[in-house]
Amino acid sequence: MHVPSRRLRNSAVVALTAVMALGLAAGCSKKNDAPAGDGQLKLVVDTFGEFGYKALAKEYESAHPNIKVQLRSIEKLDDYKPKLTQYLAAGSGAGDVVALEEGILTEFKTQPQNFVDLNQFGGGDLAKDYLPWKFEQGKASNGQLIGLPTDVGGLGVCYRRDLFEKAKLPTDRAEVSKLWTTWDDFIATGQRFNAGGSGAAFLDSTTTAFNAMLAQFGDTNFYDRNNNLIADSNPSVRKAWDYTMSMIDKGISAKVTTWSNEWQAGFKNASFAVTFCPSWMRGIIKTNAGDASTGKWDIADVPGGGGNWGGSFLAVPKQSRHAKEAYELAKFLTSAHGQIGAFNESGPLPSNLGALDDATFKATTDPYFNNAPVGVIYGAGAKALKPVYRGPKHQAVLDRAFQPAIQSVEQGKAKADEAWKNALDAAKKEAK
Amino acid sequence: MSLRTAPAAPPPQAPVGEPPAPGRPARYRLARWDLKYSPYLYIAPFFLLFGAFGAYPLVYTAWVSLHDWNLIGSSSFVGLDNYRALMVDADFWNAVVNTMGIFVIATVPQMVLALALANLLNRGMRARTLFRMGVLVPNVTSVAAVGIVFGQLFGRDFGLVNYLLGLFGVDRVDWQANTWSSWIAIATMVDWRWTGYNALIFLAAMQAIPRDLYESAAIDGASRGRQFWSITIPMLRPTIIFAVIISTIGGLQLFTEPLLFGNGRILGGSLRQFQTVAMYMYENAFQRFNYGYGSAVAWTLFMLIALMCAVNYLLVRRSAR
């Protein structure tokens, strides 16, 4: 076994790209170490979705006149991951600071040599600032500190008040939370909603419910703590699966694929009333549903209580020419101040204890969601979150084995038993 | 490549520092070299570029495909293991079937339509140039834009196609969920972009057919249809072979259209209903980081294309004979 040199790997990427002869500019790696002028240093930050760093970048620049911060963002995580992979494989092109979502982090953690060990800059001393389990997630198995925590994805349920009213359900967030203290209640409420004649579907997609339940039903999912694949035998997976099948059976979902055009249009056209909603999802709902829906949405508690979906880290790739400066920037962005700034701009929920205890954070309300006290709703949940252990290919098993299997049942293309078998077969393939 | 567009190569000169050529024989030799080697210099840029961006990657990918190679990690030599695994990989064969299926239902109507279009454009009519340029417009649209627009048209809940079908009392079709419907939707995208392009190629070939053939056929009393089948089609044979081979190469590498149709998901549907071989290659190399296996898929695809081109060539040549 040998480790190919950077040059070899570089040409390897060019090679495959050229053979593919695709329109997608796969290996287009731009050098970003060029000075920004006048002895200025340029730091590139790669993120996906909405991180809320625009104002913070400006602030950092004015505090550090010799540094220019360039933000690059890709909308979908699905597009972000292969791009980042290519940058790492080619040895150039990646930002000085890159965001790693918890799902893809597990995979990148298995190849820690691509990232700078932040311990060398004293990153380890920051442990006490964050939710302890979250900080632990940022470490590779060899102890290397790969990423500093940005946000966590404590769950809520976002619902449309206007559709609930039409379906003759309560609209007040406390009463709505009482409608579904358990998952059985949630399904029953879905049936009540369907009977209410609002013309819309209840839930957007059962795959998001599956995510939420996985996060609640046990402290492991597809892998045990020794990284053995136990998707076929772990009761937490089977229980979440059975509830999901029951939701499909009872017809409470709009059967749209999350992140698809239909899903985005569904927000705008009010074709479903409920979606599972970590704090970061609020920014996405606002973008999709548009200004016209201001005040029509609200946030209630999640059935079953607790559960985490998403949340990210900031890492520094080894290829960065300014690792020290990049670390300082990442430290600033993940500090209590930085996380509150990001929260106010786009909604990712802080994982920094200082931010969670901050008075202005706690007082935050969101006018788009009928002035819901988001600081309290999400902040209270964040500290109570219990982490779920995720194996190296957790996200791949979820994205490419279980979610498609659930969708195939939703589409009526496979029976539940058949789909379960497909999911397990695909999971084995992904975990290989 | 035409000589006019080739970058000017420096004319061969006597090497500096050597004594001047003594008399006729040396100058004669230079002139002969000029005649003999200059053409190679003129075409060299193409071959240099092809070598760097065509041949080298091809060979390198073959090398990679013999390894168990993590894209961002380490690699080890495994011989033909990747190919062995590929031969029994149900997902790979599913992708092959999808690619072939989409290719056939895209290419056959496309060629027929293009021929018919070219035949129409070849007649005398008003604003002929406008129409001739018009058929090329879809081709200059970016494939991503086409993919996004058609993705919306074929939407399940709010798509225009389902709306129109609804006017005729047809139930809403979940275009992404069924194999046949997804293939039709993707083939429509391909045809939208490429029919006009092929029509123009056919048109160019039609115009090279001598007019007097048609005139004498007309004098003999042959109808328009008869003229088309007995003169136009046989005369177009080499062009049809060319168009079919180009379509084969493009069709088997289909990637962007199905990817965008499936909302950017590399799986191509919940049960891989419309995942093409190129998508499967990308999934392995850049989603699973399994670079060696992805390269094996790439090479198999390459061989598949070569094979299909040969088969198409033979078929088209025979049927047009």
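Please read every residue number as a count from 1 along the shown chain.
A Cβ is built for glycine as well, from the same backbone N, Cα and C atoms used for every other residue.
Owing to the predicted nature of the structure, the values given are computational and were not obtained by experimental measurement.
Here TrEMBL flags B:1-21 as region 'Disordered'.
For B:8-21, the entry in TrEMBL reads compositional bias 'Pro residues'.
What TrEMBL lists as transmembrane segment is B:39-59 (among others).
What TrEMBL lists as transmembrane segment is B:92-118 (among others).
The domain 'ABC transmembrane type-1' feature in TrEMBL is assigned to B:96-312.
Annotation comment: TrEMBL describes B:130-154 (among others) as transmembrane segment. Here the transmembrane segment (B:130-154) has Cβ contacts under 8 Å with residues 117, 121, 160-162, 175-176, 185, 188-189, 192-197, 199-200, 203, 256-257, 259-261, 263 of the same chain, all six or more residues outside its ends.
Per TrEMBL, the feature transmembrane segment maps to B:235-255 (among others). Remote same-chain partners of the transmembrane segment (B:235-255), defined as residues 6 or more beyond its termini with a Cβ less than 8 Å from a stretch Cβ, comprise 99, 102-103, 106-107, 110-111, 114-115, 186, 190, 194, 198, 201-202, 204-206, 209, 213, 276-279, 282, 301, 304-305, 308-309, 312-313, 316-317, 320-321.
Among the features that TrEMBL reports, transmembrane segment is placed at B:296-316 (among others). Non-local neighbours of the transmembrane segment (B:296-316) in the same chain are 58, 61-62, 65, 82-83, 85-86, 92, 96, 237, 240-241, 244-245, 248-249, 252-253, 277-278, 280-281, 284-285; each lies 6+ residues outside the stretch with a CB under 8 Å from one of its CB atoms.
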